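What follows is a single structure, and I will ask about it in a moment.
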């Protein structure tokens, strides 16, 4: 009934580390670059590097059959995800915005139950809620009295679009190669973000110093392409809600990294939040009685026929 540390578990921990480290790295780089151009360049360069590495498998692209799927994935997982993230941080403090963003695993668990047919148990429901509470505890120091309605809407839209994007990728996993899905969604989304940034931002505002180049290099290699390959492989191989729950650890890892390398203070809330996330991961992976989505779908169908 307990958790077993398998290759998938270690891959999840690597993913959490890659994403957790990325937050303080990007935080150091953002002051030296316009945000949309930075996001677009990371995505585009990362997508092109991955495309070069898997070029020999180009026959798996099947562009005529799958171009719309690549574009839909790019829309949710690159354009909306990075775009809403960038704009949302203008309206809200980082603490509150991270709470809204990491509502995504809860939505992901719900969508995976409804649309992917994954089982839902009372333990899993409790785990998802407790995990979100853990993120809330960690981020409470970043909350302020003044709250922007626009920022809240953008944050919730970001979590919603990310969850939809992940479910869509898993839904298409038998039709589209996972490596090319990551590569092309990054390329397509990166081009659109750079195009938008070129219109509303200024290329001359980029300061090509060490911090910016390190952030760009990390995002173009580990932060986006490698992390997304691991993420989608895990999503496609297992239950989306379980993978999503591990991402509750990302902001906590980011705070730890900030404490060690950026001299940010460590608080008791961080420890409490980490404990709550640990409980969350255990509960979501606990094998209890489940409610299958087929019951939900059949009940819905029955209701429709009766009408």
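In case you wondered, yes, glycine gets a Cβ from its N, Cα and C as well.
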Pick from 2-25, 146-169: which range has transmembrane segment per TrEMBL?
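The range carrying the transmembrane segment annotation in TrEMBL is 146-169.
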What is the three-state DSSP composition of the domain 'EamA' (150-285), stated as helix, strand and coil residue counts?
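DSSP classes over the domain 'EamA' (150-285) add up to 113 helix, 0 strand, 23 coil.
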Going along the chain, which residues at least six beyond the ends of the transmembrane segment (67-91) come within the CB cut-off of under 8 Å?
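Residues 35-36, 39-40, 43, 97, 100-101, 148, 150-151, 154-155, 157-158, 161-162, 164-166, 168-169, 172, 175-176, 180-181, 184-190, 192-193, 196, 228 contact the transmembrane segment (67-91) from elsewhere in the chain.
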Over the domain 'EamA' (150-285), what is the model's mean pLDDT?
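The average pLDDT of the model in the domain 'EamA' (150-285) works out to 84.
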